[in-house]
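Input: a single structure, listed below in structure tokens.
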Amino acid sequence: MRLAAAANEAYTAPLAVSGLLGCKQCGGGRDQDEELGIRIPRPLGQGPSRFIPEKEILQVGSEDAQMHALFADSFAALGRLDNITLVMVFHPQYLESFLKTQHYLLQMDGPLPLHYRHYIGIMAAARHQCSYLVNLHVNDFLHVGGDPKWLNGLENAPQKLQNLGELNKVLAHRPWLITKEHIEGLLKAEEHSWSLAELVHAVVLLTHYHSLASFTFGCGISPEIHCDGGHTFRPPSVSNYCICDITNGNHSVDEMPVNSAENVSVSDSFFEVEALMEKMRQLQECRDEEEASQEEMASRFEIEKRESMFVFSSDDEEVTPARAVSRHFEDTSYGYKDFSRHGMHVPTFRVQDYCWEDHGYSLVNRLYPDVGQLIDEKFHIAYNLTYNTMAMHKDVDTSMLRRAIWNYIHCMFGIRYDDYDYGEINQLLDRSFKVYIKTVVCTPEKVTKRMYDSFWRQFKHSEKVHVNLLLIEARMQAELLYALRAITRYMT
């Protein structure tokens, strides 16, 4: 589905790079501009991702006709082809749904004015210190007529947006603490109050950008050329590199090794894949032979929830937010805390009592028409997406593994499925993978390339991007469940 936006209305300023990085092939005037004394920015880094070799991304984008259409749609709608889009190129079915949903949230008719939408995106991304997304939406905020003074800090924004800060904070880091009192405080704030429709729009935006921050860090997305950290004015050290090389597959810089398993023998990582395949086969046989009781499955959930508290990285250090990002939110010390740490007990969220399909979907669609359907489609695509491959193996049913990943994320948020045996999680997800999952979902600003490289070492980069799509959609659904349940309780 083509995005409904005229190309001649596109915002082209941020990514008009072909002129800046001109060459004989694309018609630009690099040499001429330099002779005139114009400082010409050149991209830092080696492509859209710091974790994935550029040539793998560009190869996929150049071979798939569907991708060309999606790229044209994205550029027409946003005036740019950002690095997130380029990394999602591995999974065109998901990318199409993602772009369609994001376009609707930001640009189509809805309860919130356009500049509010981008400012909320800034607030949400800033909670995870995601300067990449903050920079993108600062530009968009100004383009749609936002007041530059608001960008000096949240205290300079309208009180109505300042009031949203508490919900943003809790939703990003400890969504299980959200109550109907949070909702009531926003809906009954006298002249600064939110309508229910506005609040649902805001909640969807917050959860969308919290999750997108996870994808940004989880895939090592590089800064855009027009943003801080994305360019240099120094002469190129290897050869003149032009943006037009993206379209013809030329590369002028050395690529990272294709295999992400650094310092690990091929045989070791091969046996890891074989062991995982064998565990999946054994679990399927156990499923067919006997089924655990409800009491046993409830006990296994509690065990897994407790164990998830002790999954952390050896690199787990506090990251101090830069002032350029931290000014967009309050209480910078507030962050993720494990579900049941310090003896605090929060009741388990049972999906059988409140779920997206039966409750959240209809509430969103009622207050913000069509968005529920778009989000639901995106959830289903991410959850069911499969190419029936695992590393070098083909014709593999990966549904068991995908469900374990999804349910592990929800388990970390205290969300339980009565019909799932949580004993499968420890069988299928090893410690390095759990560390990566928890970091991407809970504290994405702490993700490192070492974490990315250390899990599923024999798997393709496209499969790791697929994992990140599962992580961000499971996270978004978990946040939505807590927020929408609180709204439902307020309404009843």
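Residue numbering: from 1, along the chain as shown.
Just so you know, glycine gets a Cβ as well, placed from its N, Cα and C.
Ser293 is the residue among Ser293, Ser333, Ser462 that Swiss-Prot labels phosphoserine.
When Ser62, Ser131, Ser308, Ser314 are compared with the annotations in Swiss-Prot, the one labelled phosphoserine turns out to be Ser314. Glu463 is the residue from Glu307, Glu463, Glu473 that Swiss-Prot records in the L-leucine site together with Thr386, Tyr387, Asn388, Thr389, Thr398. Residues Thr386, Tyr387, Asn388, Thr389, Thr398, Glu463 make up the record's L-leucine site, and a Cβ search at 8 Å around their centroid adds Met390, Val396, His466 from the same chain.
A straight line from the CA of Ser293 (phosphoserine) to the CA of Thr386 (L-leucine binding site) spans 30 Å. The Cβ neighbour count for Asn388 (L-leucine binding site), using a 10 Å radius over every protein chain in view, is 11. Glu463 (L-leucine binding site) falls within a helical segment according to DSSP. Spacing of Thr386 (L-leucine binding site) relative to Cys130 (active site, cysteine sulfenic acid (-SOH) intermediate) is 29 Å (Cα to Cα, whole number). On the 0 to 100 pLDDT scale, the model's mean across the region 'C-terminal domain' (321-492) is 91. Around the Cβ of Thr398 (L-leucine binding site), 18 further Cβ atoms fall within 10 Å across all displayed protein chains.
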